[in-house]
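Enquirer: Quick one: structure below, then a few questions.
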Amino acid sequence: MTLVSAWLRIPFWQRVVAGFVLGALAGWALGPAAGTWFGPLGDLYVTLIKMIAVPLVFFAVINAISSLHGQQSVAKLGGRTFLWFVLTAALAVGVGLGVGTLLQPGAGHFGLSVDSAWTPRDVPRPIQVLLDVVPSNPFYALTGIGTKTNAAGETVLAAGRGSILPVIFFAGLLGFAMVKLGERVA
């Protein structure tokens, strides 16, 4: 039995806990130098996760919707999904506000001053948030690379903002189209 096969026989949750403990021990033993040693590995891991996130969500949504039979199933799934999204978002906001109010992180510990030239970012109107969910260029939503028109009216290559909602919307439309086509989809 090799070391790798022995490691893979351990349940996943135990490997996660072992990794957490080993990481904490390495951080404690190496101190600030741990970031220098393990930072690139952590950056690589996060980059790999980001790399698979959009395609995974895209194809999972298409598969889930296209496997449904009938438009009523799609509408029911859409309603449930929206309801769960609203409920979990409200729960996250409530927990965040509650914990922030209770613990008051950073209170009295940081003497940060705000530059007088700084102005807060404008909050978009609700209708703009809704419009941003519908991608004007689906390839831009999927890859983050597309063209946009700048303030001067020129068409320029633009990178995405990392929003997954346009990807989910586009995948949902494709899945619904597959349901509508039925057996004609190859």
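In case you wondered, yes, glycine gets a Cβ from its N, Cα and C as well.
Just so you know, TrEMBL annotations are computer predictions that nobody has curated.
Pulled these from TrEMBL:
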TRANSMEM  12-31  transmembrane segment
TRANSMEM  51-70  transmembrane segment
TRANSMEM  82-103  transmembrane segment
TRANSMEM  164-182  transmembrane segment
Enquirer: List, by number or range, the same-chain residues at least 6 past the transmembrane segment (12-31) whose CB is under 8 A from its CB atoms?
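Expert: 37-38.
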Enquirer: By a Cβ-Cβ criterion of under 8 Å, what residues six or more beyond either terminus of the transmembrane segment (51-70) are in contact with it?
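Expert: Cβ under 8 Å, 6 or more out: 77, 142, 164, 167-168, 170-172, 174-176, 178-179, 185.
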